[in-house]
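Each remark here refers to the structure printed beneath this line.
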Amino acid sequence: MHICNIIEKIKKIDLFHPVSIVIIGHLMIFILAFPYLDDIGLYSLFKILGVLSIFIVGFFLPFIFPMQIKFNRHILYLSFLLLSFLSIFGAFKITHSLFLSIAYLLFILIIAELFVKFYKKKIFVDILFSIGIIAFLLIVLIYGAIPLFNYEVRMTINSEPLRLISMGALIYAGIENKVYFIIAFMILVLLGYKAGVLMLFIAYIIYRYRNILFKYMVLLAFALLIFLGIMGKIILLSSNQNWDLNPIELLCYRAYFDLYVLSKIVESNILTLGKITLTPNGEHFIGELLFKYPHNITTTLFGTIYLDFGIFGGLFAMLLGVISKYIYEGDKKLYAIYASLLLAYCEIGINYGFLVVLSLLLYINAKLVFAKLLKLINEL
């Protein structure tokens, strides 16, 4: 009877809760990396498990305490300041132009205002869907190739605004209905970035089928992993690199490499003090520091934070937990997108792009709540 009660409680766990997402994401990395774990070594493995446990517990703490994060204007103002700082700082690092940096922030704020005003209208989704398709077509025309089949183009568009616009617009619009989902899925595959495909798929499941049975979720996850493995193999073939690995072995090796990078970070005792997470394309410093060549390298969700701030990065994990709780209790569609982002970054590692999207989602959620309060006041 006791075992049955435990099983029933497990069944009641929300698989799409932020903490569940983070635990499942890291668990999948360890499962996939299992064939190669001997290469990391038992001692190093225990060390990275200890570090990850501290950060995940820190992330979990805000959800343990029975506190309700209620809206007040301070959240709106703080989210605005955070978004403004990250946007202007990042744009200035790239463009070295204060004018362009401010213009970039204004563009983001205009998009946020339009979202708050029209997000319930179908025309808004249709426009975003069209923008996503147009941005993809422009990439193909400008670079003269489909990124999935051309490795050089794929690497070139890593920081291309058109790619980010296309991916963001298609993920948001693609979870609205099946037709948009199928078209968006195909385009994101052709864009050549597995993270975009994963995010669309997970966001669609969370938003449309939140109460899906666990066994079906496992089957869908397995099918998605196989597909992402095949996609990774196609990308590798287009790079002219000779890897004698099948799609599943490729995923396993990629997961192992993420853990290997984390073990190198833990053993390095280097503190980069924000150079990785607060700088656009800061991930290439990981390769420079650990492997002596500048190259964008992924690790686990909190690996970059640990490299920047060491064990004190656990405080950031707690702050991320607080923000995640606020987004989780907010707009369901925005949370579906955030949950998919959180899962994807379990393998990538928190970076500047993640922080910008996080601050944008926080700001939009606060704006939505504020708009509802104003509406209630006006109706009184």
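Note that Cβ sites are derived from N, Cα and C of the backbone, with glycine treated the same way.
Annotated features in Swiss-Prot:
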TRANSMEM  15-35  transmembrane segment
TRANSMEM  45-65  transmembrane segment
TRANSMEM  75-95  transmembrane segment
TRANSMEM  98-118  transmembrane segment
TRANSMEM  123-143  transmembrane segment
TRANSMEM  182-202  transmembrane segment
TRANSMEM  217-237  transmembrane segment
TRANSMEM  303-323  transmembrane segment
TRANSMEM  341-361  transmembrane segment
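Proximity of distant same-chain residues to the transmembrane segment (45-65), defined by a Cβ-Cβ separation under 8 Å and at least 6 residues beyond the stretch ends, is recorded for 17-19, 22-23, 26, 37, 259, 262-263, 266-267, 300-302, 305-306, 311, 313-315, 317-318, 320-322, 324-325. Of the Cβ pairs linking the transmembrane segment (341-361) with the transmembrane segment (123-143) and spaced 6 or more residues apart, fewer than 3 are under 8 Å, so the two regions do not touch. Proximity of the transmembrane segment (217-237) to the transmembrane segment (182-202) is established through 3 or more Cβ-Cβ distances under 8 Å for residue pairs spaced 6 or more apart. Counting Cβ pairs closer than 8 Å and at least 6 residues apart in sequence, the transmembrane segment (182-202) and the transmembrane segment (303-323) reach fewer than three and form no contact.
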